[in-house]
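According to Swiss-Prot, the heme c binding site annotation covers 29, 32, 33, 73. Swiss-Prot lists 1-19 with the feature signal peptide, giving experimental evidence as the kind of evidence.
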């Protein structure tokens, strides 16, 4: 029984370490998009906090894959894991 409890504790700790730090990711976007994603980046982009979770996730995945042609955003999105993208897409709409 002690081994099972120990194993569950180790798994829970490992999972917590691997969790996406979405606030840290969002800070790296703030220079262009604003702290609450309320700005048009470089005066051109959509206002991201006005988008739905699904729209944000799709756009970031498309930037990552190259389907959306924007060299700056493609370079940024390629640094993100799919988990990071999902976490950002869920987090950003809460900043309104």
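Note that Cβ sites are derived from N, Cα and C of the backbone, with glycine treated the same way.
These figures come from a predicted structure and were not determined experimentally.
Binding of heme c is attributed in the record to 29, 32, 33, 73, and the widest Cα separation among these residues amounts to 11 Å. Within the same chain, residues at least six positions away from residue 33 (heme c binding site) with a Cβ under 8 Å of its Cβ are 39, 41, 45, 48. The 10 Å shell around the Cβ of residue 73 (heme c binding site) contains 19 further Cβ atoms across the protein chains shown.
Around residue 32 (heme c binding site), the same-chain residues at least 6 positions away in sequence with a Cβ under 8 Å from its Cβ are 39, 41, 42, 45, 72.
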